[in-house]
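Since the structure comes first, as structure tokens, the remarks are kept for the end.
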Amino acid sequence: MDINRKTAYYTLLRMEKNTSYSNIELNNQIRTMKPDSPAFVRDLVYGVLENKLYLDYLLEQLVKRGLRKLDAEPHVLLRMGIYQLMFMDSVPDYAAVNETVKMAKKFCFYQTKMINGVLRNFQRSRETLKQPIHEEDPVKRFSAAYSFDPWITKLWLDQYGEERAASLMAASNLVPPFTVRVNTLKTTPEELRVRLGERGIQAYYSQVSKNVLTLEGHGLLELPEYTEGLFFVQDAGSAASVEALEPRPGDTVIDVCAAPGGKSFVCAEMMENTGNVYSFDIYEKKLEAIEKHARRLGIDIIHTALNNAEELRTDLVETADKVICDVPCTGLGVVRRKPEIKYRKVKNEGRDLAKKQLQILQTSSKYLKKGGYIIYSTCTVNKIENADVVENFLKNNSNFRLIHSRQLMPNGEGTDGFYYCKLKKKY
Ligand SMILES: C[S@@+](CC[C@H](N)C(=O)[O-])C[C@H]1O[C@@H](n2cnc3c(N)ncnc32)[C@H](O)[C@@H]1O
């Protein structure tokens, strides 16, 4: 049996049964199974994940007893088979069918005949199957066409209208760029660009943040430049939010939801490694990762501590020049990096989460000295978690003033979907 397809199958099956992250699951399976073509495995896994609801829309027309009663094993195999037939030009049709049937014999013998029948039927009838474009209901149409859970589809249609929602969904399905923040404590963007160029790695400047580069090449995290701490992985939107905060040497900054540490690192770097950055999170393991990366980057002003951002630490009241409040969110801005987010059920369009986000903002705002600045940010595209939270905060805190806010978009600036807002504590 083909080891590459088997690795993809194990990854997709585990994703179907658990709520694990695709990148972690895929890397684990590749490490254990050692497929001969990890690139093929990645293409197949991400292709199926990105198109899951569209594939199901077609399968629903082909599986006589419907998909609801189908076990995860034959369901995953059918998605993989149809995906190869439709989207993988490098795979001949006979191989897509035969390899899937071989796997069916091993992993769900009782459904081999059905799987063989469905795939062959698909080959015969693919031109005549109903397509999402023919659905009258826009939620049904967009949800199936772009493979987004109906709750997200409805949310974006309500907030952006059909044209912009469609372009946002299409951009969210593209392969994301690999972007890194240059560690200006050790090098400059131009110096790093030239050094990487000598290794055959192309580096392009970002339009959104002057110290962010997009890299094109393989094994980027195995490079000596990475080990030496010349860069860390970060999206330009994330970097831009800290740049807007303008941390200065000698400042005291509190980063209340800090892991994996990206924004704390930008702060420390802009502060030229002088002053103090307090980086908090609720997970001990994540704090260890911040410390490890800070050492690699040559940063020694970051102090980590376990802390629940919803609860006030009275000893910190009015101690910070700047505060970063990068709250947990629905993550709708990063589906191109984690396609599984497209299928996560979230209650009340994120309103429950927005209560927690407001609580965190309310608590962390107390840490600011008078005249200090706070950044509230999320990696999501959802007014309820973004502008509405800030609006509610300002209603109850007349001592704060909005300086500016920005919603970056994959279909606009080409960054992850990222929101940030800068507020000043007047008195
Ligand atoms: C969006 S991520 C932060 C990303 C980080 N600022 C960066 O730029 O690398 C949100 C973080 O908040 C943490 N978190 C969730 N709930 C929290 C809470 N109540 N208090 C503190 N941290 C929390 C999560 O563990 C997660 O690491």
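Glycine is treated like the rest: Cβ placed from N, Cα and C.
All TrEMBL annotations are machine predictions without curation.
Summarising the annotation, TrEMBL assigns domain 'SAM-dependent MTase RsmB/NOP-type' to 168-427. Positions annotated as S-adenosyl-L-methionine binding site by TrEMBL: C257, A258, A259, P260, G261, G262, K263, D281, D326. Under the heading active site, nucleophile, TrEMBL lists C379.
For the binding-site residues C257, A259, D326, a Cα to Cα distance of within 10 angstroms from the residue listed as 'active site, nucleophile' holds for D326. Proximity of D326 (S-adenosyl-L-methionine binding site) to non-local residues of its own chain (separation of 6 or more, Cβ distance below 8 Å) is seen for S241, D255, V256, C257, A258, K263, I375, S377, T378, given in sequence order. Its Cβ placed at the centre, C379 (active site, nucleophile) has 25 other Cβ atoms within 10 Å. Take the mean position of the Cβ atoms of C257, A258, A259, P260, G261, G262, K263, D281, D326, the recorded S-adenosyl-L-methionine site; other residues of that chain with a Cβ within 8 Å of it are D255, S264, S279, K286, I290.
Under DSSP, D326 (S-adenosyl-L-methionine binding site) is assigned to a strand (E or B) in the three-state scheme. Per the record's binding annotation for S-adenosyl-L-methionine, residues C257, A258, A259, P260, G261, G262, K263, D281, D326 show a top Cα-Cα distance of 13 Å. Spatially close to A259 (S-adenosyl-L-methionine binding site) yet at least six residues away along the chain are S279, D281, Y283, K286, L287, A289, I290, judged by Cβ distances under 8 angstroms.
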